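Beneath this line is the structure, given in structure tokens, with notes to follow.
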Amino acid sequence: MIIPMDLNASPLPEPEDDEEEIFGAQVEEEIAHEEHVETAVETLRREREERRQRLKRDLPDEGPRQRVVQQPRREPVINTRFYDKNKLPPGWLDCPAAGQSIGYIIPSKVPLGETFNDCIVPGRRYSLKQVIHQQRVLGRELGLVIDLTNTTRYYQPSDWKKQGIKHVKIACKGRDSVPDPESVNTFVYEVLQFYSRQKLAKKYILVHCTHGHNRTGFMTVHFLMRSQSMSVTEAIQVFHNARPPGIYKQDYIDALYAFYHERKPENVFCPNTPEWKRSSDLDLNGEAMPDDEDDGGIVTASQDNQVSTEVLTNDDVLGDAIPWDQQEAMRQFCYHSLKLGAGAKGMAQFPGSHPVSLNRENLQLLRQRYYYATWKADGTRYMMLITSDGCFLIDRNFNFRRVQMRFPMKQTNEGVGRDTHNLTLLDGEMVIDTLPDTQKKERRYLIYDLMAINSVSIIERPFCERWKMLEKEVIEPRNLERQYIYQSRNPYYRYDLEPFRVRRKDFWLLSTITKLLQGFIPKLSHEADGLIFQGWDDPYVPRTHEGLLKWKYPEMNSVDFLFEVVDENRQLLYLYERGKKKLMDGNHVDFKNGEDPSELSGKIIECSWDSEEQVWNCMRVRVDKSTPNDINTYRKVMRSIKDNITEEVLLEDIGEIVRLPMYADRIRNDSKAHSRQHSGRRR
Ligand SMILES: Nc1nc2c(ncn2[C@@H]2O[C@H](COP(=O)(O)OP(=O)(O)OP(=O)(O)O)[C@@H](O)[C@H]2O)c(=O)[nH]1
């Protein structure tokens, strides 16, 4: 999306005199005992003022200000509970009102309601009405205000609405932390939605925190990063130009580089704290007093920046939450790409293709169609949607979460084109690899299918074509850019800081299945629980795909039950039948790993069948699933258990299959093509 830049707009006029302002202050809930509080506040204020005067007298002019910038901030000496509800935010008065527009975003300090008038002389007021008026003078109509302050005391949001302006509150603590990723996602979504809805009349978005620098800058930079091809340095500079000195908290700047996996260039410096902020309020140590909501202490940069000591598990929740509406729109895109028609709002189910268990009957399919095999990676299933403003993992519950990844487009001959993929839909398994040399654990997304590329559905194309496109269009451009990062559009990007690695899954000719089973799988650096047989010419079939076959090691054939414990520790096992719970009478589970059954009541448990004891064994709790298997899946698993296709039987059968003429010819051709490709790569 291209957002017109309006960086040369003229500076704003000074705030005008008060024109009968319309706000009443909102009384903060926590100030319950007003009289007591006001006396305490008065005393504290007087004491602080005395200390400030003393410091001003005793210290040379620049002394304390230097220390403000260089020393780590200490805890405030005043209990913030005693803040006067009409106290001006420190530095607010001298802080410039608003910056120049960045596209349609106008960064601003918080406008204050009329209850603040006693503290502000006419001529220095900046109320909601004045904001609207000032922007009108500059030819801008406001349509949306995004309020990032962490309080409701500054003005009444309903006053914006009375003027026909939408108000969105995204409360962000300014102290001790950068805005959290979910708030950032909400901000970017709100702005994008606002842009996309107003086709003709372009209205502007006022974004404010308390002073319109750090939180406002942080959010604006995120928006620029996701809506345009920019580096973090460029985006920070754009904000700096529009609202000097821009973001002036070092940790906010570091968090932005960390979030977008970019190396910070050596010549990037954090601006000094502006004069209006430094001289506003000083505490006993000569440091700037924090506002109750804004400013302050030690900021934690994104976790990517820190050395991680976490233990990786397949059940970890990956990525950041995003607004529900955004998920709903992306669900519809998936349904559309998979040609499923529109899913009922809020009711859509995970549409990914699902294999069926191999039995003696469907084993015959291998003789009728041309198949390849691959190991059945045992991690967590995710589809992935890459869009220009982010990359989203889609779990089995059809929930979307954002992960910070980069998927560049293939370079055209002209070397121009869009920078990254937009609306490309993939399918795969997230596994945890243990690196053989160091035993270090690393997450890897093994992609095995490509269903849409840049918004074009390709599900009807044969699998072999989709799989080749996956390599050419998605994997190769990433690898190339990674290799030649210094020549890329963003030489500061660091793929090694992404939350997981990415690879295309390999598929093996059926003639090499013994090697796959006995040589390759045992050496894999992640778990595998069987094989997948993939029809080489098959389309992508959403939901159950009767032609996509899974073979599991016999002891790993499993069913996911909904488990419940009722009175007197009676176990109940449920499956689903036409979307409703179905009690599986006569089934019983053993908990050989010492789990307490009563604690698992209400959970989905994955069980394998012990044919000697005629009982189910609980293997694990499926935290990634909210519904049990369907009765039909259960029947297929039971059939596969009964048919008992052992490794031996399987290898024997496939040995026969690959001698069939249809296989023999294609295998010969494919082998030649593979070796040509490999020798081409080696050259
Ligand atoms: N289609 C396909 N699926 C694979 C592949 N490798 C691993 N899988 C996984 O195999 C799963 C299907 O096997 P099941 O045994 O039915 O599923 P599960 O592992 O118990 O988990 P559920 O998906 O919850 O049923 C898919 O959902 C994928 O997560 C692959 O190469 N192709």
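The backbone N, Cα and C atoms fix where each Cβ goes, glycine too.
Of the listed candidates (Arg396, Arg401, Arg402, Arg570), TrEMBL assigns Arg396 to the same GTP site as Arg381, Asp427, Gly428, Glu429, Lys550, Trp551, Lys552, Arg620, Val621, Arg622, Val623, Asp624, Lys625. The stretch that TrEMBL tags with region 'Disordered', taken from the ranges 1-20, 121-140, 281-300, 301-320, is 1-20. For Trp551 (GTP binding site), the number of other Cβ atoms no farther than 10 Å from its own Cβ, over all displayed protein chains, is 25. Mean model confidence for the domain 'Tyrosine specific protein phosphatases' (185-254) is a pLDDT of 95.
Checked against ligand 1, the recorded positions Lys376, Arg381, Glu429, Arg620, Asp624 give Lys376, Arg381, Glu429 as the ones with a Cβ under 6 Å from it, listed in sequence order.
For Arg620 (GTP binding site), the count of additional Cβ atoms within 10 Å of its Cβ stands at 15 [all protein chains shown].
Taking the binding-site residues Glu429, Asp624 in turn and counting surrounding C-beta atoms within 10 angstroms, the largest count is reached at Glu429. It is 41 Å from the Cα atom of Glu429 (GTP binding site) to that of Cys209 (active site, phosphocysteine intermediate).
The DSSP breakdown of the domain 'Tyrosine specific protein phosphatases' (185-254), given as helix, strand and coil counts, is 43 helix, 5 strand, 22 coil.
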